[in-house]
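Presented below is the structure to which this report refers.
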Amino acid sequence: MERNLKNVLVISFGFLLLFTAYGGLQSLQSSLHSEEGLGVASLSVLYAALILSSMFLPPVLIKKLGCKWTIAGSMCCYIAFSLGNFYASWYTLIPTSVILGLGGAPLWSAKCTYLTIAGNSYAEKAGKHGKDIINQYFGVFFLIFQSSGIWGNLISSLIFSQASNKVEISEENLACCGAYDCMTDTTNTTGSAGPSNSLIYTLLGIYTASGVLAVLLIVMFLDQIKSDQAETEKEILETPSFWSTFLATFQHLKDKRQCLLIPLTMYSGFEQGFLSGDYTKTYVTCALGIHYVGYVMICFSAVNSLCSLLFGKISQFTGRKLLFALATVTNTACIIALLLWKPHPKQIAVFFVFPALWGLSDAVWQTQTNGLYGVLFEKHTEAAFANYRLWESCGFVIAFGYSTKLQVYIKLYILLSVLVLSMVTYGVVEYLEAKSSPGTPTATKKENVGPVTQETHM
C-alpha cells in the first residue's frame, strides 16, 4: 500500500475510534448528567474553550510538536473528558470539558495540515494535481469518520437497553415531556430513564478504551512528517503568520457580507445544540428512556451523512438558494410541530421522524454555508473560516448555556426567531452578490472546503 494512503487510513480510523466515544458521550450529556444542568453546562464550557483554542493554540502546537504528536496529545484531551464522566461533578466534568475544548482545535488543524502535506507529497511524486489528491484524501477520511456517530450511539443504546429497572411511565410524568416541560429533572421523574451505575461504568469503560486505542494507533502507526516535507509544513504554518491570522479574523468583520452571515452561522450552532441538548432529554429520554437516545441520534447521523453527500452533488444543478429554502421550510415545520406535539411512547415512529428531518436540514446548513463562505471570501478563506468556527461555536455556547434556564417552548421560539433573521440577512447577501455581478451566475460550490465543515462537530 502506498505510504501516504496508509497514513490517511491510520488518521481516519484513529478519529473514528476517538469520536465513537466523544459523539456518544455528547448525545448523552443532557440526559446522563441532568442534575443542576451539569451535562449541558459542560458542553457550553467545552465550546467556549474551543473558541479560545481556535484563536491561539493550533499554529503554536503544530510548530512545536509536529502534526503527529499534536494529534496524539490532543486525543488525550478527549480521553480526559471520558474519565471525567466516571465521577461526574462540577469539579471533574467542567475542568475536563475545558481540557477537551483546548485540545479540539489543534486536533483538527493538525489533521488538516497532515492530510494536505501528504496529498501534495504524493501528487508531486505521481505528477498529479495536489488539489485533486487532497480532495481524495479528505474524501476517504470523512467516509470513515462520519460513521463514528452511528457506532458511538449504537453502543450506548445497546448497553442501556440491558437495564432491568424499566417501568411504565405514568401519564403524569409524560405531561412534563415536550415543549411545555416542567423544568424538573425529567430523567429522574421517569422510571425507565435511569440506568444503573454498573451500566454507565461499562459504557464509559468502552468509550475510554476506544479513545486509548485511537492514541495507540496514531503513536504506533502514523509516520512523522518527512524531512523533505518540513518546508511545506513550515509554509502552511507560517504563511500567513499566527498574529496576522488572528487579527485578520476580526478585521474580516469589516466586510458587511461577513457580518450579515453571522446569524446564519450561529444558527448552525443553535440548531445542533437544541437537538443534542434539548430534544434528546425533554422528548426522547423523558418519554421513552435514555436507551433510545442512541437510536434516535443514529437516525440523525445517517440521514445527515447521506444528505451531505447528496446535496454536495446536486447543488451545482439546483443552486444553493433552493437548498437553503428547503432547509428553512423543513426546520420551520419541525419547530412548529415540536411546539404542538406531546410526546408519547405509543408514537415511537414520530421520535425518529424529527431527527431524520433535522439531519436533512443540518446537511444543508453545513455543506451550503461552508460552500457560501468559500465562494464569497475566496481571497480571504482563512479569516473567513476562522469566523465560521468562531460564530458557530458561539451558537453552541449560547444554546447550551441557556438550556437549563428556559422552558423548551421558549428555546423553540428563539430557534425560530434566529432562523427567520438568518434567512433575511442571507437574502440580503444574495441580493448584494447579484447586484455586484448581475451578469455572472452565482457559484454554488467551492472545491476543498469540505474539511472545514466538520471541525465544529468536535
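Even glycines carry a Cβ here, placed using N, Cα and C.
Just so you know, TrEMBL annotations never went through curation; they're auto-generated.
The following features are taken from TrEMBL:
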TRANSMEM  39-57  transmembrane segment
TRANSMEM  69-88  transmembrane segment
TRANSMEM  94-117  transmembrane segment
TRANSMEM  137-160  transmembrane segment
TRANSMEM  199-222  transmembrane segment
TRANSMEM  289-311  transmembrane segment
TRANSMEM  323-341  transmembrane segment
TRANSMEM  347-365  transmembrane segment
TRANSMEM  410-429  transmembrane segment
REGION    437-458  region 'Disordered'
Test the contact criterion for the transmembrane segment (410-429) and the transmembrane segment (199-222): 3 or more CB pairs under 8 Å, pairs 6 or more apart in sequence, then answer yes or no.
-> no
So what's near the transmembrane segment (69-88) in sequence-distant terms, Cβ-Cβ under 8 Å and 6+ beyond its ends?
-> 11, 14, 18, 21-22, 25, 32-33, 38, 46, 61-62, 95-97, 99-100, 102-104, 106-107, 109-111, 114, 201, 204, 207-208, 211-212, 214-215, 218-219, 222
Restricting to the same chain and to residues at least six past its boundaries, which positions have a Cβ under 8 Å from a Cβ of the transmembrane segment (137-160)?
-> 4-5, 8-9, 11-13, 15-25, 27-28, 111, 115, 118-119, 195, 199, 202-203, 206-207, 289-295, 297-298, 300-302, 304-305, 308, 448, 450-451, 454
Could you tell me what the rest of the chain brings near the transmembrane segment (289-311), counting residues at least six beyond its ends with Cβ under 8 Å?
-> 23-24, 27-28, 31-32, 146-147, 149-150, 152-158, 160-161, 163, 166, 169, 187, 190, 192-195, 275-276, 279-280, 323, 351-352, 355-356, 358-360, 362-364, 366-368, 453
Any residues 6+ beyond the ends of the transmembrane segment (199-222) with a Cβ under 8 Å from its own?
-> 6-7, 10-11, 13-18, 20-22, 24-25, 32, 68, 71-72, 75-76, 78-79, 82-83, 85-86, 152, 155-156, 159-160, 162-163
